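A.B. asks: Please see the structure below; I have some questions.
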Amino acid sequence: MFGSIEPTEYDLRFELLGIPVRVSPWFWAMAAILGFEATKTGVSYLIAWMGVVFVSIMVHEFGHALVARSFGYPPRVLLYQFGGLAFFEPRRDFTRFKSVTISLAGPFAGFVLYGITRVFLELFYPSIVQNLSEESARLIGVTISQMLFVNLWWGLLNLLPVIPLDGGRVSQELCLWASPRTGLQIAVTIGAVVAGVVAFGFFTIKDYYPAMLFGMLCANNVMMLQERRW
């Protein structure tokens, strides 16, 4: 979305399903900061949380990437301090339908992972933990709860009509379809208002990281709106 994403010598690089992946060290720092509360219960809980964040964001970005590749656009994936990005180069045959489909594929992939985790919780969790120690069972339970939370609520937040979130990209395409001349300005205005309201909401409940994130998104949309007016 924003922030420096320049390559560093400390990046983790690999391929998965034929798609190049780069993980910035700042991604791990971000995950650790978000999971700071977990350190109060033990390092294992922090490591489990960071694993949840990594898997969830990877699944989300691969939702985008795999659909982009199915349309013939070779993708690559980056995980960095503000989450993840799936890059691809659209060609002249790129359509509004393809854009919306690729945008929605990320949250949809997360919702599928949420469903798989929910099935695992209902069918297999009780039998797995019955022979484990109380602490091990608690760690697994907390990890599953985090996996459910991240893939449901982060996915829903990502669908808000705020550029450059996935919902914002969909909103932009719909607004441009409805009004080619002023559609972008309408989409950016919607994004600024929604981001501002959400930032204020998180601030009132003292959840400061998402408050800061949506505050930055609000400011980003306001700047885009000012640029459009000039």
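Just so it is clear, glycine is given a Cβ too, placed from its N, Cα and C backbone atoms.
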A.B. asks: Give the range, chosen from 16-36, 205-225, that TrEMBL lists as transmembrane segment.
C.D. replies: 16-36
A.B. asks: Would you mind splitting the domain 'Peptidase M50' (52-193) into helix, strand and coil residue counts from DSSP?
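C.D. replies: For the domain 'Peptidase M50' (52-193), the helix, strand and coil counts are 101 helix, 12 strand, 29 coil.
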A.B. asks: Any contact between the transmembrane segment (140-163) and the transmembrane segment (16-36)? By contact I mean 3+ C-beta pairs closer than 8 Å, pairs at least 6 apart along the chain.
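C.D. replies: Answer no: the transmembrane segment (140-163) and the transmembrane segment (16-36) share fewer than 3 Cβ pairs below 8 Å.
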